[in-house]
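Have a look at the structure below before the remarks.
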Amino acid sequence: MTLPWKQLLLLSIIDCLAECLDSGSFHGPRWRMEPSDLFIPVDSMEEEATLTCDAKGIPPSQYRWSLNGTLINLELDHRRRLSGGNLIIRSLDRYQDGGRYQCTAYNTMGAVLSRRASLQFAYLDHFKLHTRSAVSVREGQGVVLLCGTPTSSGDLSYSWVFNEYPYFVQQDNRRFVSQETGNLYIAKVEPSDVGNYTCVVMNSITKGKVHSSPTSLVLRKDGVMGEYEPKIEVHFPDTVPAAKGSVVTLECFALGNPVPEITWKRANGVPFPSKVKMKYSNAVLEIPSFQQDDTGGYECVAENKMGKNIATGRLAFHAKPQWIQTMRDTALAIEERLHWECRANGKPKPSYNWLKNGQVLITEERVYVDNGVLLISSLNLSDAGMYQCVAENKYGVIYFSTELMVLASSPDFTGNLLRALLKAKAGTIVTLECKPQAYPTASILWKKGNQPIHTNDRITLSPDGTLRITNVTKYDAGSYTCFARNRFGTSSTTGRLLVTDPTRITQGPVDMEIIVGESIVLPCQIACDPVLDVFFSWAFNGQLITKTDRHFELVGGRTAGDLMIRNIQLNHAGKYICVVDTDVESLSAVAILIVKGPPGPPDTVAVEEVTDSTAQLSWSRGRDNGSPITSYLIQTRTPFTVGWQRVDTVPEVIDGNTLTATVVDLNAWVEYEFRVVAKNSVGVGEPSPTSLQTRTEDAVPDAAPTDVGGGGGSRSELVVTWELCFTPSLFPRNCRTVRASVTLSRSVASVR
Ligand SMILES: *[C@@H]1O[C@H](CO)[C@@H](O)[C@H](O)[C@H]1NC(C)=O
Ligand SMILES: *[C@@H]1O[C@H](CO)[C@@H](O)[C@H](O)[C@H]1NC(C)=O
Ligand SMILES: *[C@@H]1O[C@H](CO)[C@@H](O)[C@H](O)[C@H]1NC(C)=O
Ligand SMILES: *[C@@H]1O[C@H](CO)[C@@H](O)[C@H](O)[C@H]1NC(C)=O
């Protein structure tokens with residue numbers, strides 16, 4: 001195949017235009033559709049045949065076709081033309097068009113060969129029209145009627161007509177039609193078999209049918225055939241090649257009297273797997289989807305009471321190649337080494353070929369080809385292109401395509417420039433990266449100012465071009481330039497290094513105790529190198545303080561980032577961290593704030609015991625809010641008082657550890673409510689919830705009734721009213737008018 005493809009490539013560039021420029025990356029052809037095998041009935045040769053071929057590529061792919069390995073010249077051909085990559089053939093010709101077709105797709109980036117597709121013509125000629133001589137047999141004898149198949153192409157199937165259409169010979173244990181030869185076998189002839197037999201052949205592709213001349217079967221009159229042992233007439237070959245996944249059928253049929261019985265065995269004694277089917281009274285054994293396990297010896301036994309006859313043969317497994325390892329599209333720098341390996345399984349073991357742009361590669365100079373391995377040492381630009389690994393055995397050939405791109409360019413720092421200004425804290429490690437894109441890899445040279453840098457135990461240069469300075473000092477500050485060079489050119493990038501003094505926190509926050517409601521400032525002040533940008537932030541109990549809490553405000557300037565807390569609340573107690581971030585470092589200082597407040601309210605105030613003037617109370621402790629509770633006060637309220645009043649208790653002073661007290665000097669028969677208030681060094685806290693209302697016991701009034709009056713009432717009744725007063729120590733004078741009626745016969749009134 002001498003190729004005009006390099007010249008055609010120029011044309012494809014013109015085809016490409018805008019599409020190629022837009023989509024950016026050029027690439028070689030990649031298959032979208034490869035041709036597949038075609039079997040065309042001869043009687044439909046008026047129609048066109050289309051062999052498909054389509055590959056995407058940038059620039060767009062061009063195509064050419066070969067038949068039986070010879071390039072088809074389409075220029076002067078009026079029967080064949082291209083449509084896209086498809087080859088369309090009209091006025092088909094059985095002798096000119098049958099064969100193996102292969103498409104090549106190519107563009108400026110390279111060329112690939114498609115799979116091979118065969119174009120075949122299916123046909124079935126007519127039987128020769130001569131009369132067939134009669135076959136005469138004795139009753140009980142076996143007979144074979146030959147079909148004598150005419151020439152054909154394509155799969156055939158056979159049947160026999162008995163006497164006249166549409167009466168077909170029914171297959172049973174006595175009669176069998178071989179689909180291999182078309183012949184009809186009758187194991188033991190009976191009088192009813194006498195008649196005319198016609199072989200019918202059908203082509204499964206053309207669907208065409210042809211009939212033979214009839215053969216007539218007659219019985220000889222000279223007696224009946226006696227019993228005899230089976231004789232196997234239909235016998236599968238000694239070796240049957242069987243493709244992986246195919247349907248395999250073995251035929252076995254015997255003549256004999258009595259009619260023989262057929263059975264099957266595997267030579268290794270292993271029983272047949274369930275997928276194996278027997279048909280036509282065991283004359284056919286069928287293995288769907290043949291696998292390697294099914295390989296081996298098969299035995300057919302034909303038996304009757306006179307004896308047995310055995311046929312044996314072997315099923316031999318084969319498989320066309322199938323990839324188990326392939327390559328990917330690869331981009332390598334010029335001068336690098338290419339190592340590709342492809343592997344396929346298959347039986348027999350496949351052999352390999354490598355193609356570059358459709359041409360076979362052989363070992364020479366920098367190229368080494370060995371089976372599935374392709375090595376190219378020190379790539380050069382001319383190695384770029386489409387490569388194919390081809391694996392082939394007797395039963396098939398497969399292609400795998402890959403593109404090799406060879407990169408060649410001068411160093412380019414785009415996207416990898418040094419930072420124009422790099423700050424580093426004195427004493428730390430500085431790394432300056434020099435990573436240009438360069439094919440082949442560039443050699444690197446660093447300069448500080450105009451002086452090449454000398455490496456030492458502090459300044460090192462790694463193979464990838466990175467410059468590393470440990471324990472950096474002010475003397476290291478300056479302008480650094482990385483020069484990169486390969487055989488295509490030189491490029492450089494420059495950055496300035498500033499070495500800064502370490503930042504210190506000169507005044508940080510300290511642990512403090514604060515009273516609730518106060519305002520404070522937590523200081524955070526630093527001394528730092530003037531070239532540094534500084535940023536302050538605060539964290540409170542692990543959360544960054546933001547502007548949302550109106551109690552907090554960040555105050556300060558370049559070197560101060562104080563935190564002001566206004567009207568501090570109990571929930572502001574905790575851990576405060578001032579964080580100082582500069583371009584080169586991060587520092588922090590921590591303080592714990594304790595916020596003190598008056599105690600929280602005591603809880604569960606209960607009246608344990610009541611008399612006419614005392615009530616015993618108990619309560620539980622509330623929060624001390626940062627300062628121990630020093631004492632408790634009891635307050636009370638009655639329907640007769642305005643607001644809460646402090647009451648006397650025993651003990652008089654209730655210390656912070658006591659949770660019970662007795663209220664004294666209460667009035668009798670009055671409903672009291674109580675509450676408890678705690679006190680600490682900060683102040684008096686919120687009162688507890690109110691106790692349940694409790695009425696004191698009754699008692700003899702402590703003063704004589706006053707304002708006694710009377711009047712009204714019936715004749716036998718006297719209504720007396722008077723005012724009864726109690727004067728507890730703290731309360732206002734507490735009086736009620738009492739009204740009672742007394743019968744006149746009584747001299748003393750007891751009033752309640
Ligand atoms: C191509 O090769 C096949 C197989 O060898 C042959 O049968 C066929 O005639 C050839 N086709 C042409 C057009 O030569
Ligand atoms: C068989 O064919 C012959 C000649 O065509 C004919 O004479 C004969 O009757 C046929 N036999 C039967 C059973 O149809
Ligand atoms: C690339 O290698 C081939 C052969 O290996 C050689 O003929 C060609 O001159 C080389 N091209 C360059 C640019 O070096
Ligand atoms: C860096 O400096 C420290 C203190 O000055 C010193 O102990 C250390 O050995 C130095 N390291 C190097 C690599 O020079």
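Each Cβ is built from the backbone N, Cα and C atoms, and glycine gets one as well.
Note that the coordinates shown come from a computational prediction; the quantities given were computed from them, not determined experimentally.
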Candidate ranges 481-509, 684-712 [criterion: TrEMBL lists as region 'Disordered']: 684-712
Determine which recorded stretch among 29-120, 321-405, 411-500 has the most C-beta pairs below 8 angstroms with the domain 'Ig-like' (230-311). 321-405
Could you put numbers on the helix, strand and coil content of the domain 'Ig-like' (125-216), residue by residue per DSSP? 3 helix, 38 strand, 51 coil
Roughly where does the domain 'Ig-like' (321-405) sit in mean pLDDT, to the nearest integer? 95
With DSSP, how much of the domain 'Ig-like' (29-120) is helix, how much strand and how much coil, in residues? 3 helix, 53 strand, 36 coil
